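Worksheet: one structure, shown below.
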Amino acid sequence: MAEFFATNLWPLIIVIGQSVLLLVLLLISIAYILLADRKIWAAVQLRRGPNVVGPWGLLQSFADLLKFVVKEPTVPSGANKGVFLLAPLVTCVLALAAWAVIPVNAGWVIADINVGVLYILAVSSLSVYGIIMAGWSSNSKYPFLAALRSAAQMVSYEVSIGFVVICVLLCVGSLNLTAIVEAQNSQWGMLGWYWLPLFPMFVVFYVSALAETNRPPFDLVEAESELVAGFMVEYSSTPYLLFMLGEYVAIVTMCAMGTILFLGGWLPPVPYAPFTWVPGIVWFALKVLFMFFLFAMAKAIVPRYRYDQLMRLGWKVFLPLSLAMVVIVAAVLQFAGLAPK
């Protein structure tokens, strides 16, 4: 044991430091992304949105954080207390764990593993367990029904996302996220990114990501008219905050995945000066914000789907379309001699 720490202590300290720094930056960015979500929703409805706490309401999210932390957590009398309190922690930790392999710039990644895409798909699939645990342990019919809805919804749309990812992997020949970004680097700039040749898959990914993260118009899990607040109806205080945090981290993760798969990651839209002078992490952040803007606009202007419409879209439209695109992309790459070696 002593020999292990003698040879691996500094690498371990560096990884822990990187993880803490990423966690802090991610949580701060989530605070302002949540504020932007509320501001966009307010602008569409011709309102001002949060504008009291701090200049232009910039400290509103931190005030909400303080409110949640100081409130007393309550556990229903018939609930399974251990599972009830563990569920939000599982959801939040799994959402944060995905960022261990996401590169925000060339070489700026905690773990540059060769199966990064597979890792993210696996972690995002596990997040449904936190929701199932919350629904079952609450000992209430509304959270349990919402948890069952969420499980069916997430499983349905993960299939489509998987086929979308396969289309990109066929073009790249690698599961490494850094390799996917570098494969889009060309003299054509943004016209060489995969959003253009794989545009149908970009649309499928965007809509499936909305459903995967339970965002409007697919927020059937939190349908206020039917299920009150969904699987979170019995939660308050810090456990509720962890659920909200996990939800928004998952949304930003999907935005980052869309950026890496289709929008060139940290690559500039025009591969010439002065665009190349801008740091890659700035381009990455701007593209993630663009993806989140699409998420926010869908929440603001699209009415909620019925549950049968949601399932029909996933199984009868997206699944055949994405499967057909996998076959078409593979055939085109093979016959055109463009398949990666």
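Cβ coordinates come from backbone N, Cα and C, glycine included.
As recorded in Swiss-Prot, the features of this protein are as follows:
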- 13-33: transmembrane segment (TRANSMEM)
- 82-102: transmembrane segment (TRANSMEM)
- 115-135: transmembrane segment (TRANSMEM)
- 161-181: transmembrane segment (TRANSMEM)
- 190-210: transmembrane segment (TRANSMEM)
- 248-268: transmembrane segment (TRANSMEM)
- 277-297: transmembrane segment (TRANSMEM)
- 317-337: transmembrane segment (TRANSMEM)
Key: Other parts of the chain folded back onto the transmembrane segment (248-268), taken as Cβ under 8 Å at six or more residues beyond its ends   = 26, 29-30, 33-34, 92, 95-96, 98-99, 102-106, 120, 124, 127, 164-165, 168, 177, 180-181, 184-185, 189-190, 192-195, 198, 201-202, 205-206, 209, 212-213, 215, 275-276, 278, 280-281, 283-284, 287-288, 290-292, 295
Inquiry  = Under 8 angstroms for C-beta pairs, at least 3 of them, ignoring pairs fewer than 6 apart in sequence. Is the transmembrane segment (161-181) in contact with the transmembrane segment (317-337) by that rule?
reply    = yes
Inquiry  = Cβ pairs under 8 Å only, please: of the recorded stretches 13-33, 115-135, 277-297, which one is richest in them relative to the transmembrane segment (190-210)?
reply    = 277-297
Task = Quickly jot the same-chain residues contacting the transmembrane segment (115-135) by Cβ under 8 Å, restricted to those at least six beyond its ends, or write none.
result = 83-84, 86-92, 94-95, 97-98, 100-102, 143-148, 150-151, 154-155, 158, 161-162, 165, 169, 175-178, 180, 212, 221, 231-232, 235, 243, 246, 250, 253, 257
